[in-house]
Amino acid sequence: MTFELARRLETLRSQGLYRHRLTLETPQTVNITVRGRSLLAFCSNDYLGLAARPEIADAFMDGLRRWGTGGGASHLVNGHFTPHHELETALARFTGRPRALLFGSGYAANVAVLSVFGGMATSVLQDRLNHASLLDGGLLSGTRMVRYLHNDPGSLETHLGRAGDAPLVVTDGVFSMDGDLARLPEIAALTRAHGGLLVVDDAHGFGVLGERGTGSVGHLGLDSDDVPVLVGTLGKSFGTSGAFVAGSEEVIETLIQFAHSYIYTTSTPPALACATLKALELLETADTERAHLSALISTFRTEAAGMGLGLMDSQTPIQPVLLGDNDRAVAASAFLEDQGLLVRAIRPPTVPRGTARLRITFSAAHTHDDLARLLCALKAAKDRGIL
Ligand SMILES: *Cc1c(COP(=O)(O)O)cnc(C)c1O
């Protein structure tokens, strides 16, 4: 076997980088069952607890009865339905942009944006901690790509100086593995000053930050001149599936005409758009959930800092505990699992080498008792030298 699959897999194992899937035997809530065991989970991106909400399931089922199960064709042939149109209109209103365009996943949306606008750019400048889908899309663009220092406007400025007259600048709004907020006002100002186009992927900001859950961009009060291309995903706070790009008439029409990951793929089930319309309504009015999340986050940070845990600079529901070594992160995760808690170890290449971590995430569905259980288990791990 010339591909040497067994050897490659063994290498991963020996480096502590082998990944295993868990099979959930219950819906995506904070209390799940895996291999017959109940676990309190702190690792999903379902920040508002919408993934298993009955109102959204009802909207999905009503949609299924009315529209059937499949889109049946791509959007440009005859797979574009009234619910898709209604959801795009609602997402445009929600983000305060003229148009929005639906995609089957955030991965597909980012590949579309980066391949099309990156392909027209003189350079593609990306934060070095951007999501893998943005980096992959950048490679597909065929344009010279530079990764500037994480959330560092000085580094961005240096690279903009050599980036030609039409740079594409790309950043996560909230960084998925660190939880910190991008310095968007400075990044937007620099991008404009250099005649560039800014793309913000706010997968982890929507629903959590800003008035009505309008995300990092809403939270920081930036408009569509600052952030002309805004990407959001629907599988995180929205609790459903898919993604959208919001922007001007020209931005959206350009994607429709040129983006292969939009054109050459079947539309998502129209019933899914019915479910997401309901999710959007719940997300916009989830002020109580957002306030509860903030309270959980601030208590966690105070208590965890008191224990001397390696917290990161994050005010969002993503609260990683940095460990560094891969095996240590895996051992810490296993210890917590023994205590009935599910927190997954995140290792390279998802994060840079030497920065393996526990990625703790909070959901509005967690109670203060759940948080107390987590803190108690972290304390026990700390006392045993595991953290
Ligand atoms: C999850 C995520 C994506 C991918 O979205 P999917 O809908 O899961 O494909 C893109 N960007 C960021 C920052 C993400 O965290």
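Yeah, the Cβs are placed from backbone N, Cα and C, and that goes for glycine too.
Nobody curates TrEMBL annotations by hand; they come from automatic prediction.
Of the listed candidates (Ser74, Ser176, Ser267), TrEMBL assigns Ser176 to the same pyridoxal 5'-phosphate site as Gly106, Tyr107, His204, Thr233. When Arg8, Arg13, Arg19 are compared with the substrate site residues His131, Thr350 in TrEMBL, the one appearing in that site is Arg19. Shown in sequence order, His131, Ser133, Asp201, Ala203, Val231, Thr233, Gly235, Ala243 are the residues of the chain, 6+ apart in sequence, with a C-beta less than 8 angstroms from the C-beta of Gly106 (pyridoxal 5'-phosphate binding site).
Among the binding-site residues listed (Arg19, His131, Thr350), His131 have a CB atom closer than 6 Å to some atom of ligand 1, in sequence order. Cα spacing between Tyr107 (pyridoxal 5'-phosphate binding site) and Thr350 (substrate binding site): 15 Å, rounded to the nearest whole number. Closest by Cα distance to Lys236 (N6-(pyridoxal phosphate)lysine), from the binding-site residues Arg19, Ser176, His204, Thr350, is His204. Between the CA atoms of Ser176 (pyridoxal 5'-phosphate binding site) and Thr350 (substrate binding site) there is a gap of 10 Å.
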